[in-house]
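K.L.:
Here it is, the structure, as structure tokens.
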Amino acid sequence: MMSMGKRLLFFVCKLMLFVAFVGLCVFFLDLKAINRQLLTLLHHPFTLAGMALLYGMAFCLRAFAWKWYVNKDVAFSVFLYAQFYSLFINHVLPVKAGDAVRIGLLAKEKDVQWDESLHSVVVMRSLDLLVLAAYAGIGVFWMGLAYTWTTLFLVAGIGAAGLVVLLRWGMKKPLLKKHVQIVKTAFTGPKGWFICAAIAASWGLEAFVVLGVTNALSIDLSVLKGLWVNSMTIAGQLFHFTPGGLGTYESVMTFSLVTAGVGWQQAYEVALLTHGWKFAFSYLAGLWAWIALPIPWSELRSWISKNRNRGESNG
């Protein structure tokens, strides 16, 4: 079970981000202005289509990376629809339960056990966070928000040392030895590079959603800054506690855009429109996945419950 200190830390972070969102709404919410910006965005159909295409390609790349990692005779569509189901669930429920659905859907395959599916999702999520952290960290230095590269190398060194310790410790635990060996096998050789490259490219493509919005609204935001803003925003979803991370997403993106040189009012409006667009995409993607691969709600709930119970029992 999560320690009291960790629970308190997460609660404080969630509360601070939500209070920040309320403050942003108090100071910058202008429904008429947002409506004008929305109409402007809708008058750029090719931009919207490009955003949808690149965002969809991001999920395809993550599905390919996941399939390569699992390395079993499972159709690519299973990995893609699992991600769309996950995206939809995360935008419907106030808790981040989408990964449980990913685990359950993959575990339905005859050659995949629940613990193997769980392991693969945890590894893919960890790789997502590592890539996002790398983009965010490099962006901080590139934009001159820190004074020295020493800190970057120090953090990277600590992270690498921690990974080595974790792998060595895992090899001594019978329960973890199998999974540690899977990780080592998957990331040894060219396949490991392909997996990492696919994940890195996928988050690069996702950045074109916020870049598409800013371009349609004639707001100056470079590709590199857009990548940094997107990485900071997605990483901030660790503190998700509302459907789709509503509030948390807007707060982090607004502050990130302001840091990147966008004015407060425009940054707030871009965050609202970007997140609104992603909500619409998540519902359409979820509908597509359900039509292509229907799963009863009762089964989805059972997966979420099973994963929660396992998490609590494992501490």
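Placement of Cβ uses the backbone N, Cα and C atoms for every residue, glycine included.
TrEMBL: automatically predicted annotations, no manual curation.
Fair warning: this is a prediction, and the values are worked out from it, not measured in the lab.
Reproduced below are the annotations present in TrEMBL:
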- 7-29: transmembrane segment (TRANSMEM)
- 41-64: transmembrane segment (TRANSMEM)
- 127-145: transmembrane segment (TRANSMEM)
- 151-171: transmembrane segment (TRANSMEM)
- 192-213: transmembrane segment (TRANSMEM)
- 280-300: transmembrane segment (TRANSMEM)
K.L.:
List, by number or range, the same-chain residues at least 6 past the transmembrane segment (127-145) whose CB is under 8 A from its CB atoms?
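P.N.:
Beyond its ends, the transmembrane segment (127-145) has Cβ neighbours at 62, 65, 152, 155, 195-196, 199-200, 203, 224-225, 227-228, 231-232, 234-235, 259-260.
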K.L.:
Six or more residues beyond either end and a Cβ under 8 Å away: which residues meet both conditions relative to the transmembrane segment (280-300)?
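P.N.:
Distal contacts: 52, 55-56, 59, 77-78, 81, 84-85, 87-92, 101, 104-105, 244.
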